[in-house]
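In what follows, a structure is listed as C-alpha cells, so that the remarks can point back to it.
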Amino acid sequence: MKDINPSHTAAWKALQQHFATMKDVQISDLFAQEPERFSSFSATFNDQMLVDYSKNRITAETLTRLLALAEECGVKEAIAAMFSGEKINRTEDRAVLHVALRNRSNTPINVDDKDVMPDVNAVLVKMKQFCDRVIGGEWKGYTGRIITDIVNIGIGGSDLGPYMVTEALRPYKNHLNMHYVSNVDGTHIAETIKDLDPATTLFLVASKTFTTQETMTNAHSARDWFLKTAGDEQHVARHFAALSTNAKAVAEFGIDTENMFEFWDWVGGRYSLWSAIGLSIALSLGFDNFEKLLSGAHAMDHHFVSTPLDKNLPVLLALIGIWYNNFFGMETEAILPYDQYMHRFAAYFQQGNMESNGKYVDREGHPVSYQTGPIIWGEPGTNGQHSFYQLIHQGTKIVPCDFIAPAISHNPLTDHHAKLLSNFFAQTEALAFGKSREAVEQEFSAAGKSPDQVQHVAPFKVFEGNRPTNSILLREITPYSLGALIALYEHKIFTQGAILNIYTFDQWGVELGKQLANRILPELAQDNPIDAHDSSTNGLINRYKSWRH
C-alpha cells in the first residue's frame with residue numbers, strides 16, 4: 001500500500017477548489033438541472049440491492065475529482081494488496097483476510113507462502129458437523145437431554161457481529177434459543193442465565209487468547225452456575241465449546257479441545273463474524289444459511305475487487321463520505337435501517353467504522369492534518385423519527401444519512417410495511433428538498449389562516465433541505481443480501497482508510513484503558529483510601545469505596 005498524505009495530493013487540492021463552487025449548491029437545483037439524475041447516480045447490485053446516491057451534494061465533476069483522489073492514493077493497489085494476503089496491518093505484522101473466510105470460489109490465498117484456504121475449509125467442515133449434531137439433537141447434555149439454549153459469551157467483535165446477524169435474520173432461526181453476554185457487569189450474565197436450565201444450555205466462549213478479561217470473567221461465572229447443578233466438572237465438556245486458539249487454556253477450563261474452533265491472527269475481531277466466531281449464527285440459522293451469508297459477502301467481494309472504481313459501490317460510498325467529512329466538515333453519519341430486525345446494524349458498524357478509522361496518526365506515525373473516521377450512530381426507523389430526526393431536519397449540524405430498507409417484509413401485517421416504506425421514501429425526499437417559506441404560507445392560506453396568524457409561526461415550519469442521504473433498498477433481507485450489505489460497509493471503511501493513509505485494522509486505542517483498569521483493580525480490593533492518581537480519579541475511587549458497603 002502507498003503511504004501518501006491525501007491532503008498533499010493534486011487531487012485533494014483540486015477538490016478544495018471544487019468545494020468552493022459546490023458548498024452552496026442545492027440538491028433541489030441538481031435535480032432541476034438533471035431530472036433523470038437518479039439513473040446517473042444509482043446502481044443495482046445482483047438484482048438484490050439498489051444503492052441510490054443521487055440525493056447527495058455532488059455532481060459528475062465531484063465524482064470525477066473524488067475518483068482522481070482514489071487513483072492518486074492507490075486504492076486499486078490497496079485492494080489488490082488486501083486480497084493477495086499482503087501484511088497490510090503493519091503495526092501488528094498481519095495480513096487482513098476476512099475475505100478468505102467467505103472465499104466461496106476457493107481460489108488460493110497465500111500468507112507467508114502458504115495457502116490459507118485448506119485451513120479455512122477445514123474449520124467450516126468442523127462447524128457444520130457441530131451444528132448438525134446440536135441442531136439435530138444428537139448432541140446431548142449431561143443428563144441426556146437435547147440442547148435448547150445457547151449462550152455466546154464474547155465482547156466486541158466476538159459479540160456485536162453475531163448478535164447483529166442473528167437478530168437481523170431472526171425469521172430464519174430454528175428451535176434453538178440464542179443469547180448473548182458481553183458486558184463484565186454481572187447483571188448481564190445473571191439476567192441471561194436466571195431462567196435457563198443448566199441441563200439444556202450450551203455456552204460458546206469466544207476469545208482468541210482465552211484471556212479476555214470480560215469474556216473469561218463471564219465464562220467462569222457461567223461455569224460456576226452450571227456446576228452448582230451439574231456437580232461433576234467432567235460435565236463441563238458437554239455444555240461448553242470454545243472459539244479460540246489457546247488449546248492449553250481451553251483444556252484447563254474443562255472444554256474438550258475437539259470442540260475448540262480456531263481462527264487466525266489475520267482475522268480482525270470486528271471482521272470475524274465470518275469465522276468460527278460466527279458459530280452462534282450457524283447454530284441459530286442452520287449452517288446452510290450461514291453459507292448463504294458467506295456467499296452474499298463473497299459476491300460483494302468480487303464486485304469490490306473486479307469493478308472499475310467509477311462503478312464500484314463501496315468506493316463510491318467511501319468517497320462521498322470523505323467529501324462530507326473533510327470538505328464540508330460534516331463529522332457524523334447516521335445509519336437508519338427501516339427494518340426492526342436490523343436494530344443492531346448501526347451499533348455493529350459503529351464499532352466497524354470507529355474502531356477501524358478512529359486514528360489520529362498516519363501510516364508513517366505522523367499526526368494527520370485532516371479528518372479520519374466519522375462518528376457513526378443510528379437507530380431503526382420509524383422510531384428515530386420520533387427522537388433525533390428533528391435535529392437532522394432542522395438542526396445546525398448536517399448529518400449525512402444512510403437509509404436502508406427491504407422491499408419485502410418478513411411480517412406483511414395489513415399495511416404495516418407500506419406505512420413503514422412510505423416514511424422511508426418521504427424522509428429522504430424531505431431532507432433533500434425541504435419546505436420553503438412560500439410553501440408554508442400557502443398551506444396556512446389554504447387552511448383559512450390570515451397572514452397575521454401565519455407570520456409568527458411560519459419560520460418554525462420551514463425546512464431548509466439540502467441534507468444529504470444515501471438510500472439502500474434491498475429486495476428482501478436474506479442471509480445472502482445481508483452478507484452483501486455487511487461487506488459493502490466493510491469495504492467502504494477499508495477504502496476510506498486506504499485513502500486517509502491510516503491503519504484500519506489495528507485498535508491500539510482500546511489498550512490504555514485496559515492497562516489502567518488492571519492497575520486499579522487491585523486497589524479496589526481494600527477499603528483504605530488511595531491517593532495514587534489525580535484528584536478526580538482518587539475522589540471517584542474513594543467515594544465508591546465508602547458507598548459500596
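If you go along the chain as it appears here, the first residue is 1 and each next one adds 1.
Cβ atoms are placed via backbone N, Cα and C, with glycine included.
Marked as active site, proton donor by Swiss-Prot on the basis of sequence analysis: Glu355. The active site feature in Swiss-Prot is assigned to His386, Lys514; the stated evidence is sequence analysis.
This view paints the features noted in Swiss-Prot onto the structure.
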{"residue": "Glu355", "record": "active site, proton donor", "Cβ within 10 Å": "23"}
{"residue": "His386", "record": "active site", "Cβ within 10 Å": "9"}
{"residue": "Lys514", "record": "active site", "Cβ within 10 Å": "12"}
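Cα of Glu355 (active site, proton donor) to Cα of His386 (active site): a span of 29 Å. If you take the Cα of Lys514 (active site) and the Cα of His386 (active site), they are about 37 angstrom apart, rounded to a whole number.
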